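Let me begin by presenting the structure, written as structure tokens, before commenting on it.
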Amino acid sequence: MLQSLWHFLSSFLPRAVCQGPAAEKEDEAGNGSPLPGPGEKGPKMVGKPQDRGTDPTERRPTILLVVGPAEHFPKKIVKAGDKDLDGQLDFEEFVHYLQDHEKKLRLVFKSLDKKNDGRIDAQEIVQSLRDLGVKISEQQAEKILKSMDKNGTMTIDWNEWRDYHLLHPVENIPEIILYWKHSTIFDVGENLTVPDEFTVEERQTGMWWRHLVAGGGAGAVSRTCTAPLDRLKVLMQVHASRSNNMCIIGGFTQMIREGGPRSLWRGNGINVLKIAPESAIKFMAYEQIKRFIGTDQEMLRIHERLLAGSLAGAIAQSSIYPMEVLKTRMALRKTGQYSGMLDCAKNILSKEGMAAFYKGYIPNMLGIIPYAGIDLAVYETLKNAWLQRYAVNSADPGVFVLLACGTISSTCGQLASYPLALVRTRMQAQASVEGAPEVTMRGLFKHILKTEGAFGLYRGLAPNFMKVIPAVSISYVVYENLKMTLGVQSR
């Protein structure tokens, strides 16, 4: 984040020239913009005329904007302002670009102005970066200030900020949001990650729902391709023990022998079906919680994202949790036990009651915080480390960096929450028997530790980790292809 923000604050690009009496003298002395050479196309001079009748001694400086051919402007400015896509920046397009850009500059200025005194000092820059998870010294912040401070006060007012950045597209935060999506792209079977942010442009153009649809489709393909490993994980979580040591090859052999190759995909149907409602509910809840928190910033601070994301995940999980129980029961069923999902649901409802659909609910809710928190913390740490070291001209990390960051963060999140996930699965799998004592989360933890030791809390971890890399890779490839099909610009 630091490197990207540093690039935003300290890159020297052409700016508006403040044209006053002193500047006019400089131009007359030949110190202004160079005249075009023979055969060159002269620049267009777009100035705001002085009001007639105004006292010359009291007139305000005129902003003189030098607008030349497209090749004299940075490509990003032409791309940002060229509405008719003719490769040229005409006067009307340039004016619209300046108006839009000034609004964005005003928003960034307000977000940095923590004291609301109309000025930005070094402490406010340090605090703003700290809120985003990046630490810099006051000396580094002062270097940023010196590059923009015209009057030597070591603070920046709105005019200094605007004049410095007027022809520099505001792109650091939107670029990071655009290129570093995580929850939408990567699906490892557990939808407990904090939802991604979307840029203002993505929201206004309606691209956000296309991202969500592409992410849902990618999740469906990814889960289907890795379903055999997921079912093996569930079997090992429930049935493996010291006396019944189940290995990966032995587990696959047992599944195929009992139900044939098709049995490897038991439980996958309900696992895919729950993607759409869970993603939609979580996204809507996340947006509402953000409004409740009272922030309209494009990028939330880390602790705000964790709070909003965890609450949204809890709401979504509560809404679709009966499908989670169904998924576990379908994955564990024997050949011919149920004719389908509806038959399984009817059987559970008639024999065990409605409460059976919420078995394991408490460990599932408790698992959201370590999973989402560690996944977010690791991903943000890796992201910031890359941005500080390598983000010189763009926040785009490329395919392999993004896949590596997603894989590592998801693995760490799963490792932290795995004991709770195992206890949840065992509670979901246990059919209620009338008159028998109800198994509790605490009692199950004690039983596992007593009979199997701490290792027993990590049964099935090997196939769970084995599916992370293929799941992340498949979901990324499918996401990118679906995104292009839906008309979203490629990376």
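Positions of Cβ are set from backbone N, Cα and C atoms, glycine also.
Remember, TrEMBL labels are computer predictions, not curated facts.
Note that the structure is predicted; figures quoted are calculated from it, not measured.
Feature annotations, courtesy of TrEMBL:
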COMPBIAS  49-60  compositional bias 'Basic and acidic residues'
DOMAIN    100-135  domain 'EF-hand'
DOMAIN    136-171  domain 'EF-hand'
REPEAT    206-292  repeat 'Solcar'
REPEAT    300-385  repeat 'Solcar'
REPEAT    397-485  repeat 'Solcar'
SIGNAL    1-18  signal peptide
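The average per-residue pLDDT of the prediction over the repeat 'Solcar' (206-292) is 89, rounded to a whole number.
When the repeat 'Solcar' (206-292) is classified with DSSP, helix, strand and coil residues number 73 helix, 0 strand, 14 coil.
Sorting each residue of the repeat 'Solcar' (397-485) by its DSSP state yields 71 helix, 0 strand, 18 coil. Taking H, G and I as helix, E and B as strand and the rest as coil, DSSP gives the repeat 'Solcar' (300-385) the counts 73 helix, 0 strand, 13 coil.
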